């Protein structure tokens, strides 16, 4: 499968949209940092007909706020079974698995990555994840890797100049 037919990109969060580190306040609240390049990439993907979804084993207030800010409607947070969440997502959006890209970094992502048409690993992903990926980013998770993956797909589909023109 080539990226030409991708209509949905599914993202893991910790280690993909973030650098994977967890920060806690004295009150036990979780803090997360998101890269602005990834946010703009998500908006560009949406403007060009690629829907974005998130499947994460964790849930947090900062994550919900970021997804709200980016207009990501399809979100499965606090998932212990990512494959079940993925099945529910496919049913909700009516997109076949072969038209889905998934960006992951760790073994918890492998089940879904094996089902999609275009699995992507961030640069600092675990070896087993890199082994099954059809594409690997040069950037690490949390450092703009999602934007890089989106740019790769859009470059194949229509060219980046057109994709960014559609966004602006």
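Here the Cβ of each residue, glycine as well, is placed from N, Cα and C on the backbone.
Annotated in TrEMBL:
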{"type": "BINDING", "residues": "12, 105", "note": "Mg(2+) binding site"}
{"type": "BINDING", "residues": "14", "note": "substrate binding site"}
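All features noted in TrEMBL, drawn onto the structure.
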residue: 12; record: Mg(2+) binding site; Cβ neighbours (10 Å): 29
residue: 14; record: substrate binding site; Cβ neighbours (10 Å): 21
residue: 105; record: Mg(2+) binding site; Cβ neighbours (10 Å): 28
Report, in whole Å, the straight Cα-to-Cα distance of residue 14 (substrate binding site) from residue 105 (Mg(2+) binding site). 8
